[in-house]
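Annotation comment: TrEMBL describes 27-52, 59-79, 99-121, 133-159, 179-201, 222-245, 260-277 as transmembrane segment. The feature domain 'G-protein coupled receptors family 1 profile' is assigned by TrEMBL to 42-275.
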Amino acid sequence: MPPGQNQSWVSEFILLGFSSDPTTNRILFIAFLLLYLSSVLGNGLIVTLICLDMHLHTSMYFFLCILSLLDMGSVTTTMPQMLVHLLAQSQTISFAGCWLQMYMFGALGLTESIFFVVMAYDRYVAICYPPRYAVILSWGLCTWLSAGTWACGFFFFVIHTFFTMRLPYCGLACMDTNLIAMVDLVISVFMVVAPLSLIVASYIRIAQAILKIKSMQPRCKAFSICASHLTVVTFFYAPATYIYIRPNSRYSPEQDKQISLFYNVFTVLLNPVVYILRNKDIKRAFLKVMQSSRLSSK
């Protein structure tokens, strides 16, 4: 803090939570614990199946594995802290802990937003250039694309965290916040508008390519390949668009809690449900692992 200002530095924040009633908090603890465990186990199952089954060692499933790791990291950044506070007497979080949590959650979210563009590009190449798919999306390119999205997400959110931490705090940020609002706007465009525009452009080209297919069966198969990704993208960007792009006049703390919960927990839980139920290769790998475990236990 600049010298000469009569302000005390905040060392911790109080988390208001969802309810002040202990009984309600215990019910929420059980519900959120089940959701958290289901999210981690579901995404962990996808990662395990892709690692174990050689038939899933393709760029599509490599990207799906990265997506599951991002989801597990994102939900683990916030949910354990929330579960502790639902039962603990103290509802505080340290200043450093708050910023670390904010940075990790934001960086992982930004990385995932960019990564959906990479997955859309994978589907674009698979549908529009099937004979050259393995050549274009080589393992080297896949590795560079994945590493690049992680680097971009974690680097650009450092900027947001840096400007936010420079604010002096006296209960609330007690100085002009126009600069951080501008930074938030830039990151919102980078996190939502630009990736979503690229995804839409990719799927326009994909739709054009699919409509040129004369046979109905290959056309349905092509649509099925893209359906899971489109479903996950919709459930990711719909709440993200509302949270980051909506005007300030529509700000509602209580509504934001509910949407953030859906954005952080239910979307992460939805991803493995969508991919396991709709993807025949994943289901086949799961049945193969289950069958192998039964034989080994006999």
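Quick reminder: no glycine exception, Cβ is built from N, Cα and C everywhere.
Whatever TrEMBL says is automated annotation, not expert-curated.
By the Cβ criterion (distance under 8 Å, sequence gap of 6 or more), the transmembrane segment (222-245) is not counted as touching the transmembrane segment (27-52), fewer than 3 such pairs being found.
Looking at the domain 'G-protein coupled receptors family 1 profile' (42-275) alone, the prediction's average pLDDT is 81. Sequence-distant contacts of the transmembrane segment (27-52) (same chain, six or more residues past either end, CB-CB distance under 8 Å): 18-19, 61-62, 64-65, 68-69, 71-72, 75-76, 79-80, 82-83, 86-87, 265-266, 268-269, 271-273, 275-276, 282, 285-286, 289. Long-range Cβ contacts of the transmembrane segment (59-79) within its own chain (Cβ-Cβ under 8 Å, at least 6 residues beyond either end) map to 32, 35-36, 39-40, 43-44, 46-47, 50-51, 101, 104-105, 108-109, 111-112, 115, 118-119, 122-123, 126, 133-134, 137, 139, 142, 146, 232, 264-265, 268, 271-272, 275, 281.
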